[in-house]
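Visitor: First, the structure itself, so that you have it in front of you.
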Amino acid sequence: MAIKDWPQGEGPREKLLRSGVAQLSDAELLAVLLRNGLKGQSAVSLARVMLTHFGGLRALFSASLSELCDIQGIGPVKYAQLQAAIELSKRIAQENLQRGKILSDPDLTRDYLMRQLADRAYEVFAILLLDSQHRVIQFVELFRGTIDSASVYPREVVSLVLEKKAAAVIVCHNHPSGGAEPSHADRRITERLKYALATIDVSLLDHMVVGDREIVSFAERGWID
């Protein structure tokens with residue numbers, strides 16, 4: 001049954017307006033973005049098919065155009081709608097953490113990093129550069145691929161920090177597997193970076209590992225001091 005044929009007030013858009021966006025399921029939120037489904041299949045039903053096919057939102061939003069088009073009813077238009085929604089979310093986070101903003105709210109940092117890295121299908125190691133007052137200078141993605149102690153080069157991190165005249169940094173990387181629990185390699189990388197940055201009198205404030213739905217902070221676990 002198409003959404004337009006549902007009883008009045010039961011569609012996802014009506015539910016959003018009546019009860020708030022937080023009350024919608026993943027499939028209902030996705031249906032609002034899709035706007036319509038197929039003949040005889042509602043947008044919510046199509047959304048459920050997509051979520052089942054990809055195994056969740058993260059993999060779905062990381063899918064390429066060709067991968068999405070494997071699903072009947074999905075083409076370039078719906079792909080563009082989904083990509084626009086992702087990019088808007090990232091730009092909102094970017095505005096919240098723009099250059100010159102004092103980084104005093106850990107939740108703001110977490111939100112920004114989650115939006116930037118959680119949907120990546122590959123590992124990204126990045127650095128948030130701060131001045132002496134912990135104002136944001138720049139967010140830079142340094143390395144991509146398999147992130148381990150052999151693929152993250154402290155000298156490149158130090159070079160960037162010196163170039164940008166940063167006084168403190170927060171490093172971060174994502175786990176495409178979805179889990180945020182740091183590995184032994186993550187801890188080794190952190191120790192190497194902490195030592196390298198100390199030689200130029202720059203503070204490593206934190207190393208954050210981004211998973212599907214959570215972020216683990218080295219500082220909060222006492223692994224930075």
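Any Cβ shown, glycine's included, is placed from N, Cα and C.
Checked Swiss-Prot, it gives:
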- HIS173, HIS175, ASP186: Zn(2+) binding site (BINDING)
- 102-224: domain 'MPN' (DOMAIN)
- 173-186: motif 'JAMM motif' (MOTIF)
Visitor: Using a Cβ-Cβ cut-off of under 8 Å, list the residues of the same chain that are 6+ residues beyond the ends of the motif 'JAMM motif' (173-186) and lie near it.
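Guide: Same-chain contacts beyond the flanks: 58, 117-118, 120-126, 147-149, 207, 209-216, 218.
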Visitor: Measure the Cβ-based neighbour count of HIS173 (Zn(2+) binding site), defined as the other Cβ atoms within 10 Å of its Cβ.
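Guide: Neighbour count, Cβ to Cβ under the 10 Å cut-off: 25.
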Visitor: Enter the number of other CB atoms within 10 angstroms of the CB of ASP186 (Zn(2+) binding site).
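Guide: Other Cβ atoms within 10 Å of ASP186 (Zn(2+) binding site): 20.
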Visitor: In sequence order, what residues of the same chain, 6+ apart, have a Cβ less than 8 Å from the Cβ of HIS175 (Zn(2+) binding site)?
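Guide: For HIS175 (Zn(2+) binding site), the qualifying residues are GLU123, VAL209, VAL210, GLY211.
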Visitor: Mind checking how the motif 'JAMM motif' (173-186) divides into helix, strand and coil residues in DSSP?
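Guide: Helix, strand and coil residues of the motif 'JAMM motif' (173-186) number 3 helix, 2 strand, 9 coil.
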Visitor: Using DSSP, break the domain 'MPN' (102-224) down into helix, strand and coil residues and give each count.
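Guide: The breakdown for the domain 'MPN' (102-224) reads 38 helix, 36 strand, 49 coil.
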